[in-house]
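Student: So TrEMBL lists the following for this protein:
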- 11-84: domain 'Cation-transporting P-type ATPase N-terminal' (DOMAIN)
- 245-264: transmembrane segment (TRANSMEM)
- 276-300: transmembrane segment (TRANSMEM)
- 661-680: transmembrane segment (TRANSMEM)
- 722-745: transmembrane segment (TRANSMEM)
- 752-771: transmembrane segment (TRANSMEM)
- 791-811: transmembrane segment (TRANSMEM)
Amino acid sequence: MAHAPQAASPHFWNLSAQALCEQLQCGPDGLSDTEAQARLARHGPNADAPPQARGLLAAIGRRLREPLSLILLGAGVVSVATGDGVGGGIIVTILGLSIGLDTVQEGRANRAAEMLRRAVALRAEVLRDGTFRQVPVEAVVPGDVMRVRAGDIIAADALVLDSEAFTAGEAALTGEPYPVEKRPGVVTTSAAGEASNALFRGAVAQTGEARALVVGTGRNTLFGAAAAVLGEGQEVSAFQRDMHAFGLVTARLTLALVVVVLATHMLFGRPVLESLMFAVALAVGLTPELLPMITTVTLSRGALRMAGRKVIVKRLAAIHDLGAMTVLCTDKTGTLTSAEIALSRSLDAAGQNSPLAARLGAMAASLGGDRGALDAALLASHPDASQGWTLLQRHAFDFNRRLGSVWAEGPHERLLIVKGAPEAVLALCTRHRLGGEVQPLGDAGRAEGLQRVHALAQEGLRVVAVASRQRADAADRAIPLSSADETDLVFEGLCAFADPAKPTAAAAIARLSAAGVRLKILSGDDPIVVQRLAQQVGLPADRVLTGADVAALTDDALAVQAQSVDIYARLAPDQKARIVRALQSRGAVAGFLGDGINDAPALKVADIGLSVEGASGVAQAAADMILLASDLEVVADGVEEGRRTFVNILKYVRMGASSNFGNMLSMAVASLFLPFLPMLPTQILLNNLLYDFSEIGIPLDTVRPEAIARPQVWDMQGLLRFAGTMGPLSSLFDLATFGGLLWFFQATPEEFRTLWFMESMATQILVIFIIRTRVRPWRDLPHPALAASSLMALLVAMVLPFTPVGAWFGFVVPPADMLAGMGALVLVYLVCAQWLKARALAWPAGRATALTR
Ligand SMILES: Nc1ncnc2c1ncn2[C@@H]1O[C@H](COP(=O)(O)OP(=O)(O)OP(=O)(O)O)[C@@H](O)[C@H]1O
Ligand SMILES: [Mg+2]
C-alpha cells in the first residue's frame, strides 16, 4: 500500500493526487456507500487498537493473576492440602464471588459506558455518494474524500486536494510548535514535518478549511498511536490515585498484622499449620476484596444516571472529580447566553444605521467564515450577501489576532474584507467611509469608534467591526493572504449582536454556589459585555481582568488575583488555561466548560473538562464529559450525581476501615492471649464471606441531600480519624464479649467461637445502617437492595449455628443465657456507635475551604 512508510517506496506526500487516486482506485468525488462498506471490511475500523478480544475467560484470568486472588488461591490450596475441605470451599466461594461480581459488573459497566461514549463519538465529514456526510471517525476508509475545518481533529492521514487558509497544529506529532499551513501540491521531502500537502491523523485543524484524500487509517497511519487524542486519553485521576494509595495502606497493614500474628504464634509454640491458616484467614478478612466491584458499579451506575440528566461521561473516574469540583470556569456564549445570537444593529463609520457593515460581514461569513455563532448571525441577516461574488483567498480568523479576512471578486471589483474584534480592526484602519466618501481616519476618529463600541456594550451588545480595502492586483493571487495585507484599511462600520443571558442561568449559578461551586467567566469577549452579563446572572462583577492584565501578571500574582476575581475578558486561548492552572495552584479542583477551539487548552488542563454536544472536535476530545444540553443546570445536576457516587464508595471504605478492621484486629490480639483459637480459620472466612455479601447493595444505596451539599474530596485524615474512633469502640465491645464469655459464662472453646462469630457478624452488619447516614438510622432508610443483602447475611449468620450445616463449621447451638447476653451487648454497641459517629464523621471535608475562606 502507498501509505506504508517503507524506505524504498515514496511517502504518500511525494505522489500527486492523481497517482494516489490510481493506487487507491478512487476519484476526487469520493466513494459510494457500498464501496466504503467494502473498504471498511477490508481495512478495518479507523481506530488506534483493534477491538480487544476480551472474552469472559480472559477477563477472569486477568483477575485471577491479581495479588489478592493469588493470596486467596494460595490459602485455598493450603486448606485443601491440610485436609480442610470446608475452608478451601469457602475460600473458593469468596474468590468466585469477588471475581464473578467484578467481571459481570465491569462487563456491564463497560458496555453501558461504551454505549454512552458512542453517543458522543467524534465524527468526520466525508464525501459519500456525492454529498458530504458526517460519519463516525472509525468509519473513515482509504479513498474517502474528507472535509476538515477549524476545530476538527484530523481523522486520518490524507493528501490535501484543496485548501483555504488551512493550518494544522502538529505539535503533538512532529514537535513543531506553531500551526503549519497546508496546501495542495507535490512535495519531494521525506520528512513528515515538511510535508505541506499532507494531513496527519491526530493533528488539529487550527484555521480554514481543506478537502483531502484519505490515504491511511487506524494504525496504518504515520503517527499511529501517537495520535491517541482521537481515542480515550487514560490519565490517572486524583480519585484513582487516592484509591490506589488506600489499597497500599490496607495491604501494608494486612501484611504487618499477619507477620506479627504468625511470629507470635510460633514464639508461643503453637501448631505451625494451624497458625498459618489462621493468619491467612485474617489476611483474607482484612482485604477489601469488594472495593473494585463497588467502585466500578457505583461509577457506572453514576454514569448511567448522569446520562439520564443529559451528561455523557467519557472518563468514568471524572464523576468523582466533578463531585469534588470547587470552581467552575466557563466561557460565555452558549452556556450563560443562548448559542443563537442575532444581529441587532448595523452602523456605518459615523454611527448611523446602515446595512453596509452587516452586508459586508455576511459576505465574509458566507465566503470564508467559521462555524461560530457570530458568523451564523451575520449570514442569517443577509442570506444572499455573497451572490455574484467568489472567494479568491482568505486569512482565517484566529483567536490571537481576533480578526480574519477574505479576498473576494465581485462583478466590478476585488475587495478584501476584514472583520473582528473592534479594537483589533480599528487599529489597522487609516481611513473610514463617511456617506459614500472615503476619508482619512486619525487617532481621534478611532477613539470615537471605540467610544461607540463602548456605548453598545453598555447596552449588552457584542460588537464586531468591519473594514475593507481594494486589492485588485491579479498577480497577488499566487501569494497567500497574510497579516501584511490587513493594513491601511477602510473602516466600514460596526455590527452589534444581542446575546442575552439565558433565563435559567442565574438560578443555576445560585444553585452551584449553594453547592460550594464558585463560577468564573473566562471569555474572549469585550470586558463591558462580560461584566454586564455577570451582573445579570448574579455574579460579583466589580472587578474584571482582561487578557492584557493577565499577561502582565506573574504566575504567583495571577494565583492571588484569581482567588477573588470572577470575571475575565479578552482572553487568548492559552490565557484561559493559565487561569485554570493558577486556580489549581491554590488548591482548587477546577472544572472548565467550553465549546470552542479556543477552549481546548483550558479543557485539557482542568481537573474536569466539560464540553457540549456539537462543540468543535478538539474541545470534545479534550473534555471528560459532554453535556447534551448546553446549560449550567445540567452541570449542577451532574455535580450532585458525582457526589452521590462518591458518598456510596466512601460508605464501603468507612465500613472496612472501622468495623471490619476492628473485628480482625481484636481477633488477632485475642489469639495471642487465649489458650485456643478465638475463631477457626474456616469460621473467619465464612464471616468474611457473609460480610461481603451484606455489602453488595451499597452501590444502589440512597444518599441524603446534606451528604452532597459540599464538594467532596478524598480525605485520608478524616478517614483515619473515623477509623481511629469507630475501630476502638468495636474492639471495646469485642473485649467485653471475651470477658463475658470466658469469665462470666465460662464458655467452652466451641461456645466461645460460636457466640463470637454471631456477635461479630451482628455488629459488623448492623453498623452499616448507622455508618451509611449522618442522621438516625430510621430517619434515612437504606435502599431495599442494601437492606435485603445485609439482613439476609445477618439471618444466615444467626441461624447457621442452630443447623446441621453449622456443625461442619465447628459451631454449636448457643445456650440461651449467652445468646441473651450477646444480644444485649450488640444493642448497647449500636447505641454507642450511633452516639459516637457524629464525632467521628466529618462529611464535607476538604479543599473547598481554600477558596471560600
Ligand atoms: N467569526 C468571527 N468574526 C469576527 N470576529 C470574531 C469572530 N469570532 C470571534 N470574533 C471576535 O473575537 C472575540 C473573541 O471570540 P469569542 O467571543 O467567541 O471568544 P470566547 O472566549 O469563546 O467568548 P465567549 O465567552 O463569548 O464564548 C469576539 O468577541 C469577537 O470580537
Ligand atoms: Mg466561546
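The backbone N, Cα and C atoms fix where each Cβ goes, and this holds for glycine too.
If you look at the structure here, what lies around each of the features I listed?
Tutor: Remote same-chain partners of the transmembrane segment (276-300), defined as residues 6 or more beyond its termini with a Cβ less than 8 Å from a stretch Cβ, comprise 68, 71-72, 74-75, 78-79, 82, 84, 87, 91, 94, 98, 101-102, 105-106, 108-110, 112-113, 243, 247, 250, 253-255, 257-258, 261-262, 265, 316-317, 319-320, 645, 648-649, 652-653, 656, 660-661, 663-664, 667-668, 671, 677, 681-682, 684-685, 687-688, 692, 695-696, 698-699.
Sequence-distant neighbours of the transmembrane segment (661-680) (same chain, 6+ residues past either end, Cβ-Cβ under 8 Å): 253, 257, 260-261, 264-265, 268, 274, 278, 282, 285-286, 687, 723, 726-731, 734-735, 738, 749, 752-753, 756-757, 760, 763-764, 809-810.
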Student: Looking only at residues six or more beyond either end of the transmembrane segment (245-264), which have a C-beta under 8 A from one in the stretch?
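Tutor: Cβ under 8 Å, 6 or more out: 67, 275-276, 278-280, 282-283, 286-288, 291, 653, 656, 661, 664-665, 668, 671-672, 714, 716, 719.
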Student: Count the residues of the domain 'Cation-transporting P-type ATPase N-terminal' (11-84) that DSSP assigns to helix (H, G, I), to strand (E, B) and to coil, and report the three numbers in that order.
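Tutor: Tallying H, G and I as helix, E and B as strand, the rest coil: 46 helix, 1 strand, 27 coil.
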